[in-house]
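Colleague: Pasting the relevant annotations from Swiss-Prot:
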| type | residues | note |
| --- | --- | --- |
| CARBOHYD | Asn30 | N-linked glycosylation site |
| SIGNAL | 1-23 | signal peptide |
| TOPO_DOM | 24-44 | topological domain 'Extracellular' |
| TOPO_DOM | 66-76 | topological domain 'Cytoplasmic' |
| TOPO_DOM | 98-119 | topological domain 'Extracellular' |
| TOPO_DOM | 141-213 | topological domain 'Cytoplasmic' |
| TOPO_DOM | 235-241 | topological domain 'Extracellular' |
| TOPO_DOM | 263-271 | topological domain 'Cytoplasmic' |
| TOPO_DOM | 293-303 | topological domain 'Extracellular' |
| TOPO_DOM | 325-343 | topological domain 'Cytoplasmic' |
| TRANSMEM | 45-65 | transmembrane segment |
| TRANSMEM | 77-97 | transmembrane segment |
| TRANSMEM | 120-140 | transmembrane segment |
| TRANSMEM | 214-234 | transmembrane segment |
| TRANSMEM | 242-262 | transmembrane segment |
| TRANSMEM | 272-292 | transmembrane segment |
| TRANSMEM | 304-324 | transmembrane segment |
| TRANSMEM | 344-364 | transmembrane segment |
Amino acid sequence: MGAKKHTLQVLPWLLLFAQHTAASACDCANTTDGADRQGAMKLKLIAIASILAAGAAGVLVPVIGRSMAALRPDGDIFFAVKAFAAGVILATGMVHILPAAFDALTSPCLKRGGGDRNPFPFAGLVSMSAAVSTMVVDSLAAGYYHRSQFRKARPVDNINVHKHAGDERAEHAQHINAHTHGGHTHSHGDIVVCGSPEEGSVAESIRHKVVSQVLELGILVHSVIIGVSLGASVRPSTIRPLVGALSFHQFFEGVGLGGCIVQANFKVRATVIMAIFFSLTAPVGIVLGIAISSSYNVHSSTAFVVEGVFNSASAGILIYMSLVDLLATDFNNPKLQINTKLQLMAYLALFLGAGLMSMLAIWA
């Protein structure tokens, strides 16, 4: 009787375990439950237009806004916009992309050795490697820009006056090299450009150029993955909530990237190219997903590995850029530190950006 009672107690747990195991097995199959290719195609076309418009609007807000006095790169409102954008980018890396990378690389659908041992956290390793690599690229690129600027900035030599024989020529040479103005004497030496006040602004411009280019690289990588995943789906129930969520996602990321582009002071042509690349990447990814949807199996081992590795690398890049190149730089700015009101506004914008982007993870 006791054994029978014990069996009855254990039976529900066995049924739950069997149900969970079956669900896991089904997740790895390329099922077509809820598939509606025609309905999904309509939603994909809407997604292409919506995400394209949202991304373009986001990146153009800071670019167009720099012509307005309130949104100048050195203005208080722009500080708040940058803090908001940095929060968005940080949440994108930590809340959206990195968890997805861990899910992909620890999926039960992947064949791995080692029995029941815990799988190695490859997502964390790839993310860390990408962050360190970003730091190396950041440093090397900044060094390259500095060296190129130094080669362009040649010191201006003073007029060399050679001393010739004769007291008159010596006195004349001394007169050229030294002038007396109102009781003080100064002599003219070489004009060294690196000691000029413009050096700081040149260094800042170099840093912003590097930051914006590396940041765009990280954003482009995961935008392609997002687009392909959406384009390859054949379930309208999966696509429908993603349309709005990814539109907001692209808009907020565009604001962050646009702010960096504005600070870098790129030429008009470079600014337009970077804005177009960002705006088109996710829609192009959707088109690629549509093209391969008939043969692409999102539940295959290859798909999990590729998606996991690229998401991990993208997360590492975005987390590094948001913390080191955006937040640390701006929040250590003396202008921010001596202005309590601006500090509070920047912190509020940071938490608002990170919070809103994190909320989107409910739907995306």
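Glycine is no exception: its Cβ is also placed from the backbone N, Cα and C atoms.
Burial and contacts for the listed features, if you can.
Modeller: Each residue in the topological domain 'Extracellular' (98-119) has a pLDDT score, and their mean in this model is 75.
In terms of DSSP secondary structure, the topological domain 'Extracellular' (235-241) contains 6 helix, 0 strand, 1 coil.
Packing against the topological domain 'Cytoplasmic' (263-271) from elsewhere in the chain are residues 63, 73, 204-205, 208-209, 211-212: each is 6 or more residues past its ends and has a CB under 8 Å from a CB in it.
Proximity of distant same-chain residues to the topological domain 'Cytoplasmic' (325-343), defined by a Cβ-Cβ separation under 8 Å and at least 6 residues beyond the stretch ends, is recorded for 76, 79-80, 82-83, 85-86, 89-90, 138, 207, 211, 214-215, 256, 260, 350.
Non-local neighbours of the transmembrane segment (77-97) in the same chain are 62, 65, 70-71, 215, 222, 249, 252-253, 255-257, 259, 311, 314-319, 321-323, 326-327, 330-331, 333, 335-336, 342, 345-358, 360-361, 364; each lies 6+ residues outside the stretch with a CB under 8 Å from one of its CB atoms.
Among residues of the same chain six or more beyond the transmembrane segment (120-140), those with a C-beta under 8 A of the stretch's C-beta atoms are 98, 101-102, 104-106, 210-211, 214, 218, 308-309, 311-317, 319-321, 324-325.
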Colleague: For the transmembrane segment (45-65) against the transmembrane segment (304-324), do we get 3 or more Cβ-Cβ pairs below 8 Å once near-sequence pairs (under 6 apart) are dropped?
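Modeller: The transmembrane segment (304-324) and the transmembrane segment (45-65): touching, no.
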Colleague: Could you check whether the transmembrane segment (344-364) and the transmembrane segment (242-262) come into contact, where contact means at least 3 Cβ pairs under 8 Å with the two residues of each pair 6 or more apart in sequence?
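Modeller: Touching, yes - the transmembrane segment (344-364) and the transmembrane segment (242-262) meet the threshold of 3 or more Cβ pairs under 8 Å.
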Colleague: Within the same chain, where does the transmembrane segment (242-262) have neighbours whose Cβ lies under 8 angstroms from its own Cβ atoms, ignoring anything closer than 6 residues to its ends? I mean 6 or more beyond.
Modeller: 43, 46-47, 50-51, 53-63, 65-66, 73, 78, 81-82, 84-86, 88-89, 92, 96, 208, 211-212, 215-216, 219, 223, 226, 230, 271, 274-275, 278-279, 282, 326, 353, 356-357, 360, 363-364
Colleague: How does the topological domain 'Cytoplasmic' (263-271) divide up by DSSP, counting helix, then strand, then coil residues?
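Modeller: So the counts come to 6 helix, 0 strand, 3 coil.
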